[in-house]
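S.K.: TrEMBL feature annotations, pasted as is:
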- 57-77: transmembrane segment (TRANSMEM)
- 89-110: transmembrane segment (TRANSMEM)
- 130-151: transmembrane segment (TRANSMEM)
- 163-183: transmembrane segment (TRANSMEM)
- 195-223: transmembrane segment (TRANSMEM)
- 230-249: transmembrane segment (TRANSMEM)
- 283-300: transmembrane segment (TRANSMEM)
């Protein structure tokens, strides 16, 4: 597909199931994808690589997440008095819930990558809604836990805060459901609308705010405020693993927008390298559901 064409209907977005990657893919039986910039063909081999690697990667990550989350829940149940701020029991339990929600989607996503998505548009949009709900809820929880002692105890105030954060995350995830869809009856893709569609621009803005600007703002605040640095020393920094793993994907979404709108001049090499970089950054973010519970257990043991 010509890079100057912004309408991506009929293109195979490699976000297939993992909400992935570039939208410049031709939906064909060939293992090669050709993008034409002037007279030179651009060969992109990321699509077949993704289809080979993604299913076992998602399956292994789901298994690791199940084991880690299970161990974390057992530790929460057996020694509730040992969880104190900044790794308070209320906060850790909600992070475990967000991780479990995210991991529960991975088997269906892996099957969709390997065999195609045949469940229709409704389940596809629901999957993207739950996927982003989990991400945004965990981002808000980590931020709230880093900026104060609201989770030091589970009282009416913290319960109201929890309800507000989960409701806000669900609201913020709604544009993700609106812009996702099914392509060629077999691919559940992150974006089935034009990249300049208002719904997608809103979704992109929310992703950048929560996955990129929020970590940067928290880091600057921690460096400037001694009380926040003290919470890092007490172990709160390990919960930031989530934000650290997803920040590169937020930067990748910004780069994808700049390339596809031609605000950055596209070349064969830039698109070929960018697809791989964006795919790796999303895979890094997905690892949070396996590494996050282990990091929280490590903070508790230490």
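Just so it is clear, glycine is given a Cβ too, placed from its N, Cα and C backbone atoms.
Heads up, TrEMBL stuff is auto-annotated, nobody curated it.
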S.K.: Which stretch, 57-77, 89-110, 130-151, 163-183, 195-223, tops the Cβ pairs under 8 Å count with the transmembrane segment (283-300)?
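M.R.: Going through each listed stretch, the top one turns out to be 57-77.
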S.K.: Considering only Cβ pairs under 8 Å, which range in 57-77, 163-183, 195-223 makes the most contacts with the transmembrane segment (89-110)?
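M.R.: It is 57-77, which has the most Cβ pairs under 8 Å.
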S.K.: Is the transmembrane segment (57-77) close to the transmembrane segment (163-183), in the sense of at least 3 CB pairs under 8 angstroms with a sequence gap of 6 or more?
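M.R.: No, the transmembrane segment (163-183) does not contact the transmembrane segment (57-77).
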S.K.: Six or more residues out from either end of the transmembrane segment (195-223), which same-chain residues have a Cβ under 8 Å from its Cβ atoms?
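M.R.: Result: 6, 8, 23, 135-136, 139-140, 143, 146-147, 172, 175-176, 178-179, 229, 232, 240, 243-244, 246-247, 249-251, 253-254, 257, 260-261.
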